[in-house]
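Enquirer: Got these off TrEMBL a minute ago, pasting:
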TRANSMEM  28-45  transmembrane segment
TRANSMEM  66-87  transmembrane segment
TRANSMEM  107-127  transmembrane segment
TRANSMEM  159-178  transmembrane segment
TRANSMEM  184-208  transmembrane segment
TRANSMEM  220-241  transmembrane segment
TRANSMEM  247-266  transmembrane segment
REGION    299-331  region 'Disordered'
COMPBIAS  321-331  compositional bias 'Basic and acidic residues'
């Protein structure tokens, strides 16, 4: 539809003199927020890293998937926006709650219903990918002993991390407390990019301090350095432009600090607390029909955290059953 519009001469807002015309005062903070919100559309590039254990030949297919998907998504997203401005002015774009739907109403006439259905399908596709990957993040955290051990369990038949999926659902519902979608995107975008920057900075530090550790996927340090410079610009000016929103996002992130000290750092917990967690874990196991995954021999996962190793032991075994086993005659 965008190509048809251009062929009909509808490209007023694509001409350089109009495309770069300021219709509001330039502000460096708003530019940073524009990058923060616009980059939300490209946010899937890092999610595949969460499911490397489920990829076939991840050291080859992970970089390949990123190299293919990023140019493809960039092409589709940029040219979709080019199509939008052939039918809508920048002011109309900002005023619309659903740009694609407004675009369809302007050009498709009686077939405008196609656009909301397409947007809904796209949304479900994005949610499916987020659920598939984000739940694995909680799953891996629990396996390392940083979250309740029940989140590291999988279904006995389907091998899906059902507790981690339910935890993802609950945390997602909590995010819907705010009704402003742009505020939510700023919350999530600011927190995400804060963690992305810290993670990439950690990669640079490890490359310097531990240069000889195995690195199946290795890139030139120039790329993470460029990313960090962009990251610093994005976060500093976003915080300067929207201090309340970004500060609230930072406060939400810092609520994990006391949880870490209470749940992970504090080793000698009261017996009543441990009994409660054990009972809760057992009930969750029965409700979700989940167990700890069996670790394959030689998979490179033998070196695990001591707490995690203890968590993988049987959670509950009746005393009577233990005594009965001990009374069995030895062959």
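A Cβ is built for glycine as well, from the same backbone N, Cα and C atoms used for every other residue.
What TrEMBL says about a protein is an automatic prediction, not a curated fact.
Can you tell me where each of these features sits in the structure?
Expert: When Cβ-Cβ distances below 8 Å are used as the criterion, the transmembrane segment (66-87) is approached by residues 1-3, 5-6, 10-11, 13-14, 19, 41-42, 44-45, 48, 93, 99-100, 103, 106-107 of the same chain, each at least six residues removed from its ends.
Long-range contacts of the transmembrane segment (107-127) within its own chain (CB-CB distance under 8 A, at least 6 residues past either end) are made by residues 1, 5, 44, 87, 98, 100-101.
Counting residues 6+ beyond its ends, the transmembrane segment (184-208) has Cβ neighbours under 8 Å at 33, 36-37, 39-40, 43, 46, 175-176, 178, 221, 224-225, 227-228, 231-232, 234-235, 238-239, 242, 245-246, 248-250, 252-253 in the same chain.
Away from its own ends, the transmembrane segment (220-241) comes close to residues 27-33, 35-36, 39, 186, 189-190, 193-194, 196-197, 200-201, 203-204, 207, 247 of its chain (Cβ-Cβ under 8 Å, at least six residues beyond either end).
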